[in-house]
Amino acid sequence: MFNALSDRLEAVLGGLKSRGKLTEEQVDATLREIRLALLEADVNFKVVKTFVARVRERAVGTEVSGALNPGQQVTKIVHEELVRILGEQSAPLDLGSASPAVIMLAGLQGSGKTTAAGKLAAQLKKKGRTPLLAACDLQRPAAVDQLKVLGERAGVAVHAPEAGGDPSADPVAVARSSIDEARRLGAGVVIVDTAGRTNVDDAMMQQASDIREAVEPAETLFVIDAMIGQEAVTVAKAFQEAVDFTGVILSKLDGDARGGAALSVAEVTGRPIKFASVGEKLEEFEAFHPDRMAGRILGMGDVMTLIEKAEEAYTAEQAADLETKLSEDSFTLEDFLEQFQQIRKMGPLQNVLGMLPGVGKQLEDADVDESQLKRVEAIIQSMTRHERHRPDVLNARRKRRIAAGSGRTVQEVNELLKSYEQMRKMMKQMAGGRGGQEQALKQLQGAGAPGMGGGGMGGGMAGLDPNALAGLPGGGGGGGAPAKGHNKNVPKRKQKKKRKKR
């Protein structure tokens, strides 16, 4: 979502790195560019004004003038002030001591409340809780049915009126009865999905307020569409006055819009962003960390989230088995395919690779296509068992045979072998337990992150090819699928032989 903003900020701040000293005029010129970049990203103008003033106050003082690297110090200040407007500290759910604890979701229609309810329930269940979903959105057609589908996918019970989405039913009564149902089922958490409207109106606000008063939630979470733009501040303030929410869920953070809401709502309301929805799947729902998001916006990556996702995707037994194979240098192409499939479990490849420092910008030109897993499988399955276990035996003749058998090209076979080598290096660290992950973190943080030293790509990640790392033959100009059995390299070889005979 923040690609355009990230590109602008990286370009502006990157221009400072080569400067030995910074004058006040140079700082002001830089801040003007940052101000324009934030406004174009739909960040609220008051938030932009506050942010720029804070950065300037620190950047024109001794904090920068006395620094060994003034440009890097300004980048550090911008990062810290971005963290500040995003909420400073991570804010986990506070469910209190009541049983069941109630979480109420509120927001405009279309903001993603119902989906967020299902995702939150799935996450709580994964952490060992027993949630119950309460269908209190009786205004929108099929809202109850949607929640039931989400509940079934998450393996979570749903409490709804017998008549389904009956607008004449009382949502306050449904919310109240959901607590009794939770006690009967032994559920420790009730997630209440409330009705929304296309615009803020008194009836909706009153209903949300009545539900809040009836169930006394431990957490009231305001769900806001990250693509809403400048209107985000007005909507957030209206809901804050009506239901006094305790936290925010950002939905659709994987969209293509400019994402100004994410940089405005926490600063304006004083309430923390607790979660972010980053995709359509139930598992694509993350705890929000202001420092990590600021790092993503500035192109520094988000290695800690990447490590957490890796820990979720790999069991301890799988990690130990992989570590043994890597240490014994017995990591085969069969293992490569298996690890490739495991990485898919960590989320969309575009998102996963975007967490690597310095890779986000390269992804804009990379052809990272989820469906290309089939190409990888086709190439590897066209190899003999001996070739999969000993890729070093793959000479030109064998590669041509594999390419013909898989319907791909020799170039794509070579690209896959290159990605195999790159993934082997990365997986050796990422699957090596906390110690190996910390080593990977040190290497990946050589992208010039504030306070970490270094500038530019470092630690062995220089020149990283996102397509190669993803194992995507044909990406970034590798060509589409050739005709069945066709290998464009074969005719060229035959032509050379004919010339020799002449």
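Every residue, even glycine, has its Cβ placed from backbone N, Cα and C.
LYS113 (GTP binding site) falls within a helix when secondary structure is assigned with DSSP. According to TrEMBL, the feature GTP binding site maps to 107-114, 193-197, 251-254.
According to TrEMBL, the feature compositional bias 'Gly residues' maps to 472-482.
Residues or ranges marked as compositional bias 'Basic residues' by TrEMBL: 485-502.
Residues or ranges marked as domain 'SRP54-type proteins GTP-binding' by TrEMBL: 272-285. The domain 'SRP54-type proteins GTP-binding' (272-285) scores a mean pLDDT of 90 in the predicted structure.
Here TrEMBL flags 457-502 as region 'Disordered'.
Under a cutoff of 8 A between CB atoms, and with a sequence separation of 6+ in the same chain, the neighbours of GLY110 (GTP binding site) are GLY196, THR198, ASP225.
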